[in-house]
Amino acid sequence: MARDEELHVLSALDSAKTQWYHFTATVVAGMGFFTDAYDLFCISLVTKLLGRIYYHVEGASKPGTLPPNISAAVNGVALCGTFFGQLFFGWLGDKLGRKRVYGITLMLMVICSIASGLSFGKDPKSVITTLCFFRFWLGFGIGGDYPLSAAIMSEYSNKKTRGAFIAAVFAMQGFGILAGGFVGIVVSAAFKAAFKSSPYSTDPLGSTVPQADYVWRIILMLGALPAALTYYWRRKMPETARYTALVAKDAKQVAADMSKVLQVQIVVEQEKVERLGQDRKRSFGFFSKEFAMRHGLHLLGTAATWFLVDVAYYSQNLFQKDIFSAIGWIPPAQSMNALEEVYRIARAQSLIALCGTVPGYWFTVFLIDRLGRFVIQLMGFAFMTIFMFALAIPYHHWISKENNIGFVVMYAFTFFFANFGPNSTTFVVPAEIFPTRLRSTCHGISAAAGKAGAIVGAFGFLYAAQSQDRTKTDAGYPPGIGVKYSLIVLGVINLVGTLFTLLVPESKGRSLEEISGENDGGDHDKEAAETQGVHDHTGSSSSRTLPLPQVVETKILQT
């Protein structure tokens, strides 16, 4: 939109000082991601317990494990649900508005978290079937939270600290993962103290006490608690000013909502809103040639980088327990009872989250508006590549007992640079660079590409990480390429991610309308198309980037 056509309420949001409503919105949206991470990653704590309980083989030398197809389903079904939820709710968020859809996703999470722990029946088939059914719909709700939370936070934030607030929402995932590990430690320790049992090697049947069936159910069901606590506050949040003004075209409503949020009196600009709505150059659709020219390469860049980072990230996160077992950091399964194994896995996962995952997220929060999105993403992919190869090439050095701690430290660094890198920036950038009317849709597509990568990582790593020696594979699995070569493959994937990062524009310090080209209107179509693929990634202006924002006088009457 031309400078004289820029809505004053949007200028007010862009230039507003950091206020209490910014932090409120961050916490309300962030608690959804806390729940998302808890629900998606806590399943990795209990899969070995499910194998011991429901797939015990009498006379076997090792505890029961989930068959390959069952393990793939349990670990991956929520990711499949998330994939479809991101596409559906991303589209719906642009059609109906962010607020109207926001509460639906949260209620899905609450109901399905509880239901997944209540899985009906006693035989393995009934339990696993109902568990997978409810975890699919849990993932569907989680998927909706990605585009909606990102769009809401970006449209509420000022341009100076927008990256930090969007990243802070996503950073709550770190605390969700940490909380999942903590709950696993507490619940397993409590049951272990109350119900004593011998290791599997001593008493195969007695090593899994009947009460262990409650442990995995409690861990899964507690994921409903944080989501339920934030439902009321989500319903109280007003629709974002950008959606109300630029998509719903309701100037009175946006003035009323933002007067309350900003605590100033906003002038109604109905005529200006209507003029903007009548400009066909600002209303092109997703499948139009105009969108392909302006944003086609941007969408390819955000989707491809998210896909690639999630292949690496989810394969590492969901299968930490397998890697820790391979290097001897967790004792052999037959030397522990069922509850001890859950405790050990939860403790190891919590340590990685505390030392690598959580700090990485918050480094991004504090530095993203200083270094920029592009620098952090490129640096993160590069360091992930380096550390993956550093783990993989001398792998036999790391698996010797005296070097186990060194392996864990290096492994933690890959998580640190994933989160102080592409795992965070791939969430932030799609919420900034697309037009308001398509922002949620494009973020949902980018996020769904990421979940497709997560599915590849989750399913593929199950088989790839198996030993090349058939006698050392888990029950029911064919020989794979082993952990060493799996890490090499992940290193190559991260390297490719650095190349696709070049398609992603820098969005630091500019208004959403300038980044997306909504300020250009019909006069700069050719220039907007040319901006794709060639950007000044420092965030400064150039002849081939969108112009930097100018100061616009706002009609705000202080109350």
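For all residues, glycine too, the Cβ spot is worked out from N, Cα and C.
Automatic prediction, not curation, is the source of TrEMBL annotations.
Keep in mind the model is a prediction, meaning the values are calculated, not measured.
Record features, source TrEMBL:
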type     : residues : note
COMPBIAS : 521-538  : compositional bias 'Basic and acidic residues'
DOMAIN   : 25-509   : domain 'Major facilitator superfamily (MFS) profile'
REGION   : 512-548  : region 'Disordered'
TRANSMEM : 20-50    : transmembrane segment
TRANSMEM : 70-89    : transmembrane segment
TRANSMEM : 101-120  : transmembrane segment
TRANSMEM : 126-144  : transmembrane segment
TRANSMEM : 165-194  : transmembrane segment
TRANSMEM : 214-233  : transmembrane segment
TRANSMEM : 297-315  : transmembrane segment
TRANSMEM : 345-367  : transmembrane segment
TRANSMEM : 374-393  : transmembrane segment
TRANSMEM : 405-429  : transmembrane segment
TRANSMEM : 441-465  : transmembrane segment
TRANSMEM : 485-504  : transmembrane segment
Beyond the flanks of the transmembrane segment (345-367) by 6 or more, those residues with Cβ under 8 Å of it: 41, 44-45, 48, 164, 167-168, 170-171, 173-175, 177-178, 180-185, 188, 320-321, 324, 329-330, 376, 408, 411-421, 423-425
Do the transmembrane segment (485-504) and the transmembrane segment (297-315) come together with 3 or more C-beta pairs under 8 Å, pairs six or more apart in sequence? yes
Counting CB pairs under 8 Å, which listed stretch among 214-233, 297-315, 405-429, 441-465 touches the transmembrane segment (20-50) the most? 214-233
Residues from the same chain, set at least six apart from the ends of the transmembrane segment (441-465), whose C-beta lies under 8 A from its own: 68, 71-72, 75-76, 79-80, 82-84, 86-91, 93-94, 143, 146-147, 150-151, 286, 295, 299, 302-304, 306-316, 318-319, 322-323, 326, 426-427, 430-431, 434, 477-478, 480-483, 485-486, 489
Restricting to the domain 'Major facilitator superfamily (MFS) profile' (25-509), what is the model's mean pLDDT? 87
Which residues of the same chain, at least 6 past either end of the transmembrane segment (297-315), have a Cβ under 8 Å from a Cβ in it? 79, 377, 381, 384, 388, 418, 421-423, 426-427, 429-430, 433-434, 442, 445-447, 449-454, 456-458, 460-461, 486, 490, 493-494, 496-497, 500-505, 532-533
